[in-house]
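J.: Take this structure, written in structure tokens, and hold onto it; I'll ask about it next.
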Amino acid sequence: MRQIAFYGKGGIGKSTTQQNTMAAMAEMGKKVMIVGCDPKADSTRLILHSKAQTSVIQLAAEKGSVEDLELDEVLVEGQWGIKCVESGGPEPGVGCAGRGVITSISYLEEAGAYEDLDFVTYDVLGDVVCGGFAMPIRQGKAQEIYIVTSGEMMAMYAANNIARGILKYAHSGGVRLGGLICNSRNTDREDELIIELARRLNTQMIHFIPRNNVVQHAELRRMTVIEYDPKNEQADQYRQLAKKIVDNDMKTIPTPITMDELEELLIEFGIMEQEDESIIGKAAAVA
């Protein structure tokens, strides 16, 4: 069994990419489980055709404790027999959402949820923002990480931060970076830029996913593209990504770059202009 995790900036299309890719894997005959590690509990909605799956934390609160839960209450099978679990989290402003991830994964292990699987995938909130969300990395639960990014500065900034988190635990937990997935925003020279970023991070751009409106059409119906329009070229993009992950033998310890190096890269590719110190802090009327 391989345990992988998808990380990336919030709003980058991580959950959509993860669900479509796992759908393609299941279509290939792989036995897959998705563990959502986001308080929004939206990591399985396209597989289950639901708004949000009832989470481990929510059910535990209703029952009294995690120990009172039955596995079939939190683990739901969706399309192609994909097993789905959402860790969930507390109400906004109350408690630590990262604790939900820790509690849920521990419960799933004890309850035997990981038996007879080829792939377990963790869909993790945004950046590596706290120890709880970093748990799949920190405790070696996820052996390989895929970072969803784009040619936009903040997406690349988040990717570099995540690489830094992987590096921190690479020697103690054995986690490795499997590659960058470019979820295209149609920015200039985007594929070249992400290939170069990957090179500097000591990894690969494992796949470039072109922008296609069929993804949104499928999402409105709470479906993956694989199910909604299986013959669409976008469905083939996810199939290609799934196969590349299955066959991937390039799992590395990343080499994060500095903020200055990232800005130099963006300037080199024309995404950012060279900073003119003489105009910093000057209003339009003065400049």
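Keep in mind that glycine also has a Cβ here, set from the backbone N, Cα and C atoms.
For GLY8, LYS9, GLY10, GLY11, ILE12, GLY13, LYS14, SER15, the entry in Swiss-Prot reads ATP binding site. Look at Swiss-Prot and you will find CYS96, CYS130 tagged as [4Fe-4S] cluster binding site. Annotation source Swiss-Prot lists ADP-ribosylarginine at ARG99, citing sequence analysis.
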J.: Under DSSP, is the residue listed as 'ADP-ribosylarginine' helix, strand or coil?
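T.: The three-state answer is helix.
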J.: Please classify the secondary structure at SER15 (ATP binding site) using three-state DSSP.
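T.: The residue in question, SER15 (ATP binding site), is helix (DSSP, three-state).
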J.: Just to verify: the residue among LYS9, LYS14, ARG99 with the fewest other Cβ atoms within 10 Å, which of the recorded positions is it?
T.: ARG99
J.: By the count of other Cβ atoms within 10 Å, pick out the sparsest of the binding-site residues GLY8, GLY10, GLY11, GLY13.
T.: GLY11
J.: Same chain only, sequence gap of 6 or more: which residues have a CB within under 8 Å of the CB of ILE12 (ATP binding site)?
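T.: Those within reach of ILE12 (ATP binding site), by Cβ under 8 Å and sequence separation of 6 or more, are VAL148, THR149, SER150, ALA155, ALA158, ASN183.
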J.: In Å, rounded, how far does the Cα of GLY8 (ATP binding site) sit from the Cα of the residue listed as 'ADP-ribosylarginine'?
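T.: Here the two Cα atoms are 20 Å apart.
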J.: Please state whether DSSP places GLY8 (ATP binding site) in a helix, a strand or coil.
T.: strand
J.: Report, in whole Å, the straight Cα-to-Cα distance of ARG99 (ADP-ribosylarginine) from LYS14 (ATP binding site).
T.: 21
J.: Between LYS9 (ATP binding site) and the residue listed as 'ADP-ribosylarginine', find the distance joining the two CA atoms and give it rounded to the nearest Å.
T.: 20
J.: Near the residue listed as 'ADP-ribosylarginine', meaning Cα within 10 Å, which of GLY10, GLY13, SER15 (binding-site residues)?
T.: none
J.: In sequence order, which residues at least six apart in the same chain have a CB under 8 Å from the CB of SER15 (ATP binding site)?
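T.: Long-range Cβ contacts: PHE6, GLY36, ASP38, ASP42, SER43, ARG45, ASP123.
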